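J.: Quick one: structure below, then a few questions.
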Amino acid sequence: MGVSAVLLPLYLLSGVTSGLAVPASRNQSSCDTVDQGYQCFSETSHLWGQYAPFFSLANESVISPEVPAGCRVTFAQVLSRHGARYPTDSKGKKYSALIEEIQQNATTFDGKYAFLKTYNYSLGADDLTPFGEQELVNSGIKFYQRYESLTRNIVPFIRSSGSSRVIASGKKFIEGFQSTKLKDPRAQPGQSSPKIDVVISEASSSNNTLDPGTCTVFEDSELADTVEANFTATFVPSIRQRLENDLSGVTLTDTEVTYLMDMCSFDTISTSTVDTKLSPFCDLFTHDEWINYDYLQSLKKYYGHGAGNPLGPTQGVGYANELIARLTHSPVHDDTSSNHTLDSSPATFPLNSTLYADFSHDNGIISILFALGLYNGTKPLSTTTVENITQTDGFSSAWTVPFASRLYVEMMQCQAEQEPLVRVLVNDRVVPLHGCPVDALGRCTRDSFVRGLSFARSGGDWAECFA
């Protein structure tokens with residue numbers, strides 16, 4: 001893929017909390033690309049948890065993400081999060097009210113706080129930002145180029161969860177995919193453009209493997225909220241005290257401090273200068289504070305939708321069983337979150353394709369990653385102390401579900417192997433498979449991979465959803 005060096009926070013590799021300086025302004029051609037994603041201001045922007053833009057982890061992959069010599073990909077599937085969005089409507093109202101309150105009560109706006117005096121909250125709500133749209137265009141380009149032996153001759157089957165921003169993401173992916181295909185002189189002529197073939201409702205009563213919501217006990221769980229509150233209390237009070245001292249007259253809650261930190265990402269990705277200018281909200285906090293913020297987001301995902309929640313991985317079981325069906329060209333066997341009407345029809349769940357793309361949200365993807373056992377090597381995350389990426393065995397919210405994240409599942413036929421091999425990449429990082437005899441390149445044979453997904457094939461702990 002011709003990747004270049006990636007500047008990542010040093011703490012991710014060593015736990016050290018100081019790093020290299022990042023220039024105040026970067027040219028888009030060097031810091032925001034199809035191959036590498038968003039490398040602008042990486043010492044800060046890669047610490048935004050799930051609010052980080054997609055950035056490639058190819059150079060963080062111990063195993064090369066390139067297709068091994070002597071192998072050809074015979075099946076490829078991408079599961080993508082939607083692109084960068086504006087704050088949700090409910091959060092946006094809270095952000096706006098907080099800024100207005102600061103403007104009304106602060107008696108001084110000195111130095112790095114000066115922008116707050118006249119800052120006008122005018123961000124949209126819920127939908128993709130223009131930057132987020134381009135992320136998905138780039139994703140479609142990259143998917144086409146990576147799997148061009150397939151994409152030149154095959155129209156992918158595409159599904160989307162029912163949210164407008166997820167559907168829009170799928171359409172932008174198609175735009176990038178098809179524009180690249182039309183420029184490829186070796187592409188098979190006369191093929192139709194891809195389209196979103198299935199949109200799955202996100203109504204609370206609907207079965208939706210891309211965005212499950214019918215497991216009552218899980219939906220009522222407050223575990224992640226408790227973990228979030230407890231870890232917030234370990235690092236935010238000192239920030240709050242500093243902000244209140246610097247903004248005389250202002251009184252903040254710990255939650256409001258994290259809102260100001262959220263604004264660093266949202267204000268940056270909502271502007272046309274996303275590649276050359278970092279939001280002034282970002283400078284209100286230190287590098288160490290961003291490390292804690294990033295870890296806080298990882299805790300929320302791990303204890304909300306991952307293995308830290310007793311029913312977290314079970315929410316991804318339906319999708320795992322759909323993947324098994326696609327890999328083996330056999331009917332879906334699942335009684336959890338799958339939609340039997342859709343999955344039993346070749347029109348809405350074909351079993352004979354070799355190229356698939358699905359679009360969803362971060363929470364559902366986290367559950368799917370754990371249902372597939374990709375982070376079985378991750379021990380329960382400490383709820384009191386920041387752990388680096390080595391200690392978490394490669395898990396963090398920024399490394400798994402940034403905006404426009406992508407999970408690639410590949411099946412390949414290799415000259416030295418009789419059986420097809422399966423491997424998985426998360427944001428260009430090869431994640432060695434668990435639960436099956438894995439080779440030096442992180443792969444298992446298809447049949448052993450399927451056997452290893454016994455948790456998914458047995459329905460996980462779905463019976464506990466309604467206890």
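Backbone N, Cα and C define each Cβ position, glycine as well.
According to Swiss-Prot, the active site, nucleophile annotation covers His82. Here Swiss-Prot flags Gln50, Tyr51, Arg81, His82, Arg85, Thr88, Arg165, Asp211, Lys301, His361, Asp362 as 1D-myo-inositol hexakisphosphate binding site. Taken from Swiss-Prot, the feature disulfide bond covers Cys31-Cys40, Cys71-Cys414, Cys215-Cys465, Cys264-Cys282, Cys436-Cys444. According to Swiss-Prot, the N-linked glycosylation site annotation covers Asn105, Asn207, Asn339, Asn376. What Swiss-Prot records for 1-23 is signal peptide, and it gives experimental evidence as the kind of evidence.
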J.: If you compare CA-to-CA distances from Arg85 (1D-myo-inositol hexakisphosphate binding site) to each of the recorded positions Cys215, Cys282, Asn339, Cys465, which comes out shortest?
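T.: Closest candidate to Arg85 (1D-myo-inositol hexakisphosphate binding site), judged by Cα separation, is Cys282.
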J.: By a 10 A CB contact count over all chains shown, which of the disulfide-bonded residues listed here is most packed: Cys31, Cys264, Cys465?
T.: Cys264
J.: Taking the Cβ of Cys71 (disulfide bond) as the centre, how many other Cβ atoms fall within a 10 Å radius?
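T.: I get 20 for this one.
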J.: Return the single residue from the recorded positions list (Arg81, His82, Arg85, Arg165) that has the minimum number of other CB atoms within 10 Å.
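T.: So among Arg81, His82, Arg85, Arg165, the recorded positions given, the one with the fewest Cβ atoms within 10 Å is Arg165.
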J.: What three-state secondary structure does DSSP assign to Asp362 (1D-myo-inositol hexakisphosphate binding site)?
T.: helix
J.: I want to verify one value. Collapsing DSSP to three states, which class is Cys264 (disulfide bond)?
T.: helix
J.: Please give the maximum pairwise Cα distance, in Å and rounded to a whole number, for the 1D-myo-inositol hexakisphosphate-binding set Gln50, Tyr51, Arg81, His82, Arg85, Thr88, Arg165, Asp211, Lys301, His361, Asp362.
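T.: Value for the max Cα separation, rounded to a whole number: 20 Å.
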J.: How big is the Cα-to-Cα gap, in Å, between Cys40 (disulfide bond) and Asn339 (N-linked glycosylation site)?
T.: 41
